[in-house]
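What TrEMBL says about this one:
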DOMAIN    14-38  domain 'Putative zinc-finger'
DOMAIN    97-231  domain 'Anti-sigma K factor RskA C-terminal'
TRANSMEM  91-110  transmembrane segment
Amino acid sequence: MNKPMNGCENLEMYAVGGLDPEERVEFERHLQECSACAEELVELIALVDLLPMASEPVSVPDGMKARVLEHVLGESNVQPSSSKVTRIRPWLVGGLSAAVLILGVYSYTLKQNVNELQSRISLLNRPAEAVQVNNVVALSSTAKEIVAKGLATIVIDAKGTHLLVQAEQLPELKNSEAYQVWLIKGKENPVNAGTFLTHNGTGGLYYTIDTNSYDTIAITLEPDAHGDKPRGTPVLAAALLKS
């Protein structure tokens, strides 16, 4: 036996605004005769109101709440149907609860992503730290047969003073050989500023220093990268001019 159209089976669709205008009018006529549906509709409306705002929220039909409350509170002469019991369908309650949970998690995740994006934008909008080029010296070869050349640049920023070494046309490395940079002051022992390898004769490194402590920079070709004092052949050198 088929259920009558626009009867109790349209209760949930009416609560979420899913009926077309003609079906809505028919169901509102049904509400005037079925107090059980009217009472259940009040509870369904309360559940629908729990749903957080979505991108395209479905509004409850205009005047629906007022009409339902008026019907429930003002028409005490209507007798409830003996064959119908006020109830909330379990599947509907479960579905609405799951929707509330999912939308809650989504809203939290979206908020976190927005906060992270705002932090990144704040960093991008921060003025760039000033970098001052304090000194640039040309590195000269230490032997006639060496055609290598390079630059030693000293830069100063908010984090300190740094030495940038760049060299090219260096002799090709063999086996475990490496180039090592040394900082020297007078006759004191050279200080290891780091090692680097080359690609097609080009290489370099970046090193944080105290420029007031050194007056000379040198690059040597070492048998390996593990020495704490020069053992190999000097390749490039230059005096660090005082600013």
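Backbone N, Cα and C atoms are what each Cβ position is placed from, and that goes for glycine too.
TrEMBL labels come from automatic prediction, so no person has curated them.
Each residue of the domain 'Anti-sigma K factor RskA C-terminal' (97-231) gets a DSSP state, and the totals for helix, strand and coil are 32 helix, 56 strand, 47 coil. Over the domain 'Putative zinc-finger' (14-38), the average per-residue pLDDT in this prediction is 81. Residue counts for the domain 'Putative zinc-finger' (14-38) by DSSP state, with H, G and I taken as helix and E and B as strand, are 19 helix, 0 strand, 6 coil.
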